[in-house]
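Visitor: Encoded as structure tokens, here's the structure I'll be asking about.
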Amino acid sequence: MGVERYLLVALGGALGSLLRYGLGAWVQGSLGAGFPWSTLFVNALGSFLIGLTLRLSLEGALSGEARLFLAVGVLGGFTTFSSLSYETLALLQGGEVGKALLYAFGSLFLGLLLAFLGYRLGGALVG
């Protein structure tokens, strides 16, 4: 694997992290504290976009380099499982068991659903 591929992933990851920070700050500022809305939003959007991106890649509508940049780089930097884990733990430690369970399982369900919908949309766009 050439150094160019690593650079694509690194640049995409930097872009994805910047997008997560900016969009996350806007979402949390808009919806308020008390629930990790920003992480839920970026992970849900990222799940949809990874489904779409990977389907387009599988159908040949994206090159291998575009897939690396978008799926591994941008969306890898955009989504965050570690924040989901930490925020769930913080809710549990704060005694908010119901919120923690809703957040953890809701995030998983929403992520899977949106990845599926993105995948289906990708198929419809090229099929």
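Including glycine, each Cβ sits where the backbone N, Cα and C put it.
What Swiss-Prot records for 7-27, 31-51, 68-88, 97-117 is transmembrane segment. Swiss-Prot lists G76, T79 with the feature Na(+) binding site, giving sequence analysis as the kind of evidence.
How about a rundown of where these features are and what they're close to?
Guide: Residues of the same chain lying 6 or more positions beyond the ends of the transmembrane segment (7-27) and with a Cβ under 8 Å from any Cβ of it are 37-39, 41-42, 45, 65, 68-70, 72-80.
Annotation for G76 (Na(+) binding site): spatial neighbours V9, G12, G13, G16, criterion Cβ-Cβ under 8 Å with sequence separation of six or more.
Counting only same-chain residues 6+ beyond the ends of the transmembrane segment (97-117), those with a CB under 8 A from a CB of the stretch are 35-36, 39-40, 43-45, 47-48, 50-51, 84, 87-89, 91.
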